[in-house]
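Everything below concerns the one structure shown next.
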């Protein structure tokens, strides 16, 4: 590998690492602030809602993350086709998760406030469809 190629690789990797470190630091800071603001009981309800959503969130990505990066590296000319298809599939997966979540919550019989909080958090899964752009940069 030539030096300029190494510099490019190192620069791209550095930006990706810096972004992940920044995201972790912000999430930790916000988590601490929210926990102190809500108190133990309300933070517990929030944690419960987030846990339920996380259980279902694996279905929304449909395992596309690693496959998409690999295919973008192997077939760079089909980039637009891969990204568009992955976006649609992730959007459909998020819709499927919302439907499954509503059916599950109907049978769980939790209180209305918890169910509403779960749906608000789960609605954020729809926006994860836009993460396909990140996979282009990772490739």
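Quick reminder: no glycine exception, Cβ is built from N, Cα and C everywhere.
Those TrEMBL annotations? Automatic predictions, nothing curated.
Here the transmembrane segment (21-39) has Cβ contacts under 8 Å with residues 46 of the same chain, all six or more residues outside its ends. Residues annotated as transmembrane segment in TrEMBL: 21-39 (among others).
Annotation comment: TrEMBL describes 45-67 (among others) as transmembrane segment.
Taken from TrEMBL, the feature transmembrane segment covers 87-109 (among others).
Long-range contacts of the transmembrane segment (115-137) within its own chain (CB-CB distance under 8 A, at least 6 residues past either end) are made by residues 12, 16, 45-46, 49-50, 52-53, 56-57, 60-61, 65, 68-69, 72, 79, 83, 86-87, 90-91, 94-95, 97-98, 101-102, 105. Look at TrEMBL and you will find 115-137 (among others) tagged as transmembrane segment.
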